[in-house]
Ligand SMILES: Nc1ncnc2c1ncn2[C@@H]1O[C@H](COP(=O)(O)OP(=O)(O)O)[C@@H](O)[C@H]1O
Ligand SMILES: O=C(CO)[C@@H](O)[C@H](O)COP(=O)(O)O
């Protein structure tokens, strides 16, 4: 155990794309007393898949690294990567590996579903979002079409965080935040949409119950993990909703998260409904909304380009006119699921460091373009961007965001805001408090403030033009 604890201990879990991270936190002060981390494997050939059993094993390994502290927890909450399709058989075992949020094979099914059920505006009004390949409903439609035997063997469908919560408690339960990324939960009625479920041949009985914010959904009932039996378990939520909890986020504060995915979001009191599909109309974990735009190519794509160039990720150079759209995995924002990376504007004097800088620029461009779209109209135009996720630790990422946004940037000292948000949710159960108020009291958003820099409008215009002119290639 690291630092001393005064209050009861809580465990917050972040089961994200690349790894599971666990924090044991003093509920009274927010002090992190122990932490653990274990990697996941993402496979699946042309797609992106992970074995849910590996998430469970990684959770056990990460908790094990926390030593005695985890065994003293009074409450636990699991946050996880959004959208993933976990299919279970009658014995509760996975029928096949989970299809992940960044698997673009389901793009044709998403397109078809949008057309079949009234078009983009109708979906935005009914569900809050226009589903793309990421949404669980498109993944389920893909499975029925490509692996009908697997779909037929499925008796329960879960999201990654639901699956882990169920293994902890035995309860089939999810929360409104993660449910809002399925495409079969309506933000208009705040309930499963039986018309959509019927359309895709999924029995509502196969889905978990949607818990109320603040509900105790069960207690730890497994001996497979180093957690105390009987500890309270919160509903958990999607990883972006958990980070919003972890920051104690209030409306008007935009967040930019740089991890496997790039996301930009804000809390809103108004239910979003963007018919263009750029902004997903997610629910947050407390009863408000979380309009969010997400890219597929963020830290992994830029690290891959740095490796191709044989450079350290910080070895960027200013200047030149190269433009790089690093869409190595296809892209979600803009919606170009079949795209690959595009490099334009090379000259004899272009340096490798300038090409790497262009990759950073291309990775944050669509996210920065969406900042104003996720904020309510009355938000201050110069509100600082809260920069989080693994990339927030990097100078090149931070300076790129400052240069292309022209906004002030704040980088919280706290590293694991998703796990911290889950811990705040767990602490809320024990203390009978709102998790956002818990996080505020913990001071999780405290960090370093960077003033605005002059905006690089020339680079912005080059990116805009290359995206428009390259459209035919990017749609191929
Ligand atoms: N010091 C650093 N500078 C820049 N990038 C970093 C640094 N540390 C980690 N990263 C990036 O963070 C990414 C992981 O971010 P994280 O938010 O943990 O991902 P996940 O999406 O799995 O939650 C890695 O892909 C890596 O590129
Ligand atoms: O699909 C989305 C948001 O809609 C992603 O943000 C996933 O939730 C995965 O997150 P990370 O593993 O990158 O944190």
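Just so you know, glycine gets a Cβ as well, placed from its N, Cα and C.
Feature annotations, courtesy of TrEMBL:
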ACT_SITE  239  active site, proton acceptor
BINDING   82, 83  substrate binding site
DOMAIN    10-246  domain 'Carbohydrate kinase FGGY N-terminal'
DOMAIN    312-427  domain 'Carbohydrate kinase FGGY C-terminal'
SITE      14  site 'Important for activity'
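TrEMBL feature annotations superimposed on the structure.
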{"residue": "14", "record": "site 'Important for activity'", "DSSP (3 states)": "strand"}
{"residue": "82", "record": "substrate binding site", "DSSP (3 states)": "coil"}
{"residue": "239", "record": "active site, proton acceptor", "DSSP (3 states)": "helix"}
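In this structure, the CA atom of residue 83 (substrate binding site) is 10 Å away from the CA atom of residue 239 (active site, proton acceptor). A C-beta separation below 8 Å, combined with a sequence spacing of at least six in one chain, links residue 14 (site 'Important for activity') to 20, 21, 22, 79, 80, 239, 242, 416, 418, 419, 422. Of all Cβ atoms in the shown protein chains, 33 besides its own fall within 10 Å of the Cβ of residue 239 (active site, proton acceptor).
Summarising the environment of residue 83 (substrate binding site), the number of other Cβ atoms within 10 Å of its Cβ, over all protein chains shown, is 29.
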